[in-house]
Amino acid sequence: MVFKVSKVSTTPIDGQKPGTSGLRKKVKVFIQPHYLQNFVQSTFNALTPEKVRGATLVVSGDGRYFSKDAIQIIIKMSAANGVRRVWVGQNGLLSTPAVSAVIRERVGVDGSKATGAFILTASHNPGGPHEDFGIKYNMENGGPAPEAITDKIFENTKTITEYLIAEDLPNIDISTIGVANFSGPEGQFDVEVFDSASDYVKLMKSIFDFELIRKLLSSSKFTFCYDALHGVAGAYAHRIFVEELGAQESSLLNCVPKEDFGGGHPDPNLTYAKELVARMGLGKSDSAVDPPEFGAAADGDADRNMILGKRFFVTPSDSVAIIAANAVNAIPYFSSGLKGVARSMPTSAAIDVVAKNLNLKFFEVPTGWKFFGNLMDAGLCSICGEESFGTGSDHIREKDGIWAVLAWLSILAFKNKENLNGDKLVTVEDIVRQHWAIYGRHYYTRYDYENVDAGAAKDLMAYLVKLQSSLDEINSVKGARSDVSNVINADEFEYKDPVDGSVSKHQGIRFLFEDGSRLVFRLSGTGSEGATIRLYIEQYEKDSSKTGRDSQEALAPLVEVALKLSKMLEFTGRSAPTVIT
C-alpha cells in the first residue's frame, strides 16, 4: 500500500514541558485534539535529521489506558516524517528497561539498529480513563533524552504550527507478531511487531547465572513471590521466573498486564503493594500462613522494584549498597570488578560506605537516571540506585526492576550454594544484618506529601532556602534536646557533571548534621497534578549493638525536628504524609 503525507495545521498548547521522566498528564489532557501530535512532532523537530529520516524507532510502553491509540498515532507520524521502520513490542508492551535493551542490543533481520524510542508510560502512577498517561523519548544509548533535547522539545511545542501524519495508513495489528510493509513519498516504511520478552531475557541470561538461581528456587526450603501489580512486568515474569528459573506459577501475583493496573496504584512500596506486603508477613494482621523467604514487586513500567524478606523490608538505599558489596562474587557480569558506583543525592549514604571500604569510584548525582547514564557511557559507573525504588547497572541506561530482583536472587543463591541441603538457608534478613555489622546502618525514611497546593509547596521551599542563611536559627528549632546533633551545613545541592561539565542547580535543600545525619527536602515532578513534597530523613549508626532498632522509632527525634523546621503543617495544612517509605 502507498500512503500520503498530510500537513495538519495546529497551534501551541500550554504546559508541554517534559520533566526528567518525560511528559505526564491526565488522560483527559492527552486526548485533547492535537495534544499528543504536537508533542511527537516537536520531538521529531528537536532531533537531528539522521535520527529521524531513514531511522529505526521503537514505540511501546507499559500498556496503560490510551497506549494503543497513541501507538497508532505515533506510527502514522513516524511514516510521515520519513522514519524507515518502527519496532513495536507485541500488544504494545515493552518495559522501560526492555526498551533500553532493545535499542542497545536488538539487530533487525536486515541489520538495522534502533536510534531511539517513544516510551508510553507514566511509571508508577495509576492508569485508566481518569488517571495518568505519559510519553518520553530515549536516545541511541538507550537512555532518556538529555536536557539539551528536552529543552528543544519544549521550545518547539511553544511555536509549532503544523505536524505531519500519514492519515490513510491503516491501523497496525499490534497483537500479532509480523512485519507490515508500506510505501510513501520517501520510499519503504515497515512496522515490525516482535516478541516483547526475547531480547530482554537473552540479556538477563548473559548477566546472571540462571542455573545457580534455578537451584535455589528448586530447593524445598526456598519460597518466592513476585507481584507485577498488573503492570508490564507481567509480560516478563512468567518467561523468566517460571519458564527459565523453574518457580511455581503460584508464586506470581497480579502478573496479567492491565490498562488500569487492576484499579490499583502500581507503585512498589509498603503502602500500595498491599497483597504482597500481607503475603510476606508485613501486613497489619497476622497471617497463619508462613510467609515466603523472598518477595519482590514492580511498578507500572517495571523499572522500579521493592525487595522483601520474610517479615522484613529492605530499603532501596540498603538494597543498592548490598548489591554493590556482593556483585563481584555473586553476579558473573561483574566478576572482573566494578568501575564505580553512584547514587542520587536524596538516597542514603549506605553505598558511599561500601565504595570507601572497597576503594571504588563514587558519585552523588541529582535525581534523574540520565545523570547515571553519562557516567556509564564514560565507563565510570557499574551499579547505581535511587531511594525511590530504582536500581540498575551499566547493562542498559534505565533503572531495571527485574534486574534488581535477579541480583538479589543471585546473592541469595551464592550465599546458599553449599547450604541448600542444610538445616537453614541464609535469608534476606541475614544478609542485610550482616551488611549492617560490617558497614554500619543508615536509618532512613521518606515522607511523601502528595497533591499539595503548588503555591504552598513553593512557599515552603522558599522559606527553607531563606532559613539556610542562619545556622543559629536552624539549631534553635531543636532546642535543648540531646538526641539530635547540630546542623553544621545547609545548602541547595548543585552538581557539575564530570563527563560533560554541565551544571544542575536547585536539586534539593539539604541540612547536614554533625553526626552524619541528613534532612533533605525536594519537590517532585513525577505526578500529573499538584505538587509532591518529599522529605528524606537519615541517621547513620556505626555501633553494631544499635543497628537493630525499629527505623521509625530511631528516626522519630529527627522527624520531629524536620517538621518543626519546615513548618510543614503551617504551609501545607498536612498533619501527616500521604506515604511513608
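Every residue gets a Cβ built from N, Cα and C, even glycine.
As annotated by TrEMBL, domain 'Alpha-D-phosphohexomutase alpha/beta/alpha' applies to 16-163 (among others).
Annotation comment: TrEMBL describes 199-308 (among others) as domain 'Alpha-D-phosphohexomutase alpha/beta/alpha'.
Annotated domain 'Alpha-D-phosphohexomutase alpha/beta/alpha' per TrEMBL: 317-417 (among others), in sequence order.
When DSSP labels each residue, the domain 'Alpha-D-phosphohexomutase alpha/beta/alpha' (199-308) comes out as 41 helix, 16 strand, 53 coil, counted as helix, strand and coil in that order. As a whole-number mean, the pLDDT of the domain 'Alpha-D-phosphohexomutase alpha/beta/alpha' (16-163) in this prediction is 96. Under DSSP, the residues of the domain 'Alpha-D-phosphohexomutase alpha/beta/alpha' (16-163) split into helix, strand and coil as follows: 57 helix, 33 strand, 58 coil.
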